[in-house]
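Student: These came from Swiss-Prot, pasted as-is:
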type     : residues                                               : note
BINDING  : Asp40, Gly41, Glu42, Arg99, Gln100                     : ATP binding site
BINDING  : His134                                                 : Mg(2+) 1 binding site
BINDING  : Asp174                                                 : Mg(2+) 2 binding site
ACT_SITE : Lys198                                                 : active site
BINDING  : Arg200, Asp224, Asp228, Thr229, Ala230, Gly231, Thr232 : D-ribose 5-phosphate binding site
Amino acid sequence: MQDQRNLLVFSGNANKPLAQSICKELGVRMGKALVTRFSDGEVQVEIEESVRRQEVFVIQPTCAPSAENLMELLVLIDALKRASAASVTAVIPYFGYSRQDRRMRSSRVPITAKVAAKMICAMEADRVLTVDLHADQIQGFFDVPIDNVYASPLLLADIWRAYGTDNLIVVSPDVGGVVRARAVAKRLDDADLAIIDKRRPRANVATVMNIIGDVQGKTCVLVDDLVDTAGTLCAAAAALKQRGALKVVAYITHPVLSGPAVDNINNSQLDELVVTDTIPLSAAARTCPKIRQLSVAELLAETIHRIAFGESVSSLYVD
């Protein structure tokens, strides 16, 4: 094992268990920092050990409450830079605000993915590490190097182990996810591919209209980058079962699971939802028998190690 003494890992409050698991994989202790609130609710941060000339990694997904977690990340980066860290890498397992990545037609709306990226760069973070960005082009919003790594090796290994490839078909829940679904299907012995054509009348409401592909008597594996209210997912499962699917499972990286998501999943025809721990599960989600969680700790720890010691990251992760 290479000398790790110049590598320090700090964490905000958004996902402490993941940060601790990453530290365990790296064989380093968690950096000492106070991350709390003043009496008026403002973020209070104090770095409680020397970071001078150290390679520092800050682990903080910007999941709900998104504004608070983003602010924690920004203040942590600022505190570390002012404490003379040699470099600070923002490790953002789930990059919040990423779904607002463009203006639709003539809508008078912000591009909040760009806003969040600019804020992180303004704090002079030296690098960003994230997992499965909602859209690859978000990388262009950052003015610093960014490594967007993929959870697909972890998910693929679990699909092989749990379901194999016999009688299996990979399903994209919408037209926009076809590239991701095709990549997964290719690595599952060129499994068949189906596409769900959905029409969304308004945000977080989806209506499944048509299925392109033959799912009769097959195990359907839905793949996507995130699940929010699970409305689309549950409607897709119902449509697939209606078309004769034997089993419907979903492999999704980021378990946002807001609002009625857990109830929707419990009451759906979905057989299993497999997610990662880029976002911590709520108490309700942890007790849901249909939800199973895999850990990205080993993937992120290996990536952090490679960044810290100047090794290739792209050779490790395959889209």
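In case you wondered, yes, glycine gets a Cβ from its N, Cα and C as well.
Remember, it's a predicted structure, so these values are computed and weren't measured experimentally.
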Student: Are there any residues in the same chain, six or more apart in sequence, whose C-beta is under 8 angstroms from the C-beta of Arg99 (ATP binding site), and if so which?
Tutor: Ala113, His134
Student: Express in Å, rounded to the nearest integer, the largest CA to CA distance found among the ATP-binding residues Asp40, Gly41, Glu42, Arg99, Gln100 named in the record.
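Tutor: Value for the max Cα separation, rounded to a whole number: 30 Å.
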Student: Fewest other C-beta atoms within 10 angstroms of its own C-beta: which of the binding-site residues Gln100, Thr229, Thr232 fits that?
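Tutor: Least crowded of the binding-site residues Gln100, Thr229, Thr232, by Cβ count within 10 Å, is Gln100.
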Student: Out of Asp40, Glu42, Asp174, Asp224, which of the binding-site residues has the smallest number of neighbouring Cβ atoms within 10 Å?
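Tutor: Among the binding-site residues Asp40, Glu42, Asp174, Asp224, the lowest count of other Cβ atoms within 10 Å belongs to Asp40.
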Student: Out of His134, Lys198, which of these recorded positions shows the lowest number of other CB atoms within 10 Å of its CB?
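Tutor: Lys198, out of the recorded positions His134, Lys198, has the fewest neighbouring Cβ atoms within 10 Å.
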Student: Can you give me the Cα-Cα distance between Gly231 (D-ribose 5-phosphate binding site) and Asp40 (ATP binding site) in Å, rounded to a whole number?
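Tutor: A Cα-Cα distance of 37 Å.
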Student: Please report the number of other Cβ atoms within 10 Å of the Cβ of Ala230 (D-ribose 5-phosphate binding site).
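Tutor: Other Cβ atoms within 10 Å of Ala230 (D-ribose 5-phosphate binding site): 28.
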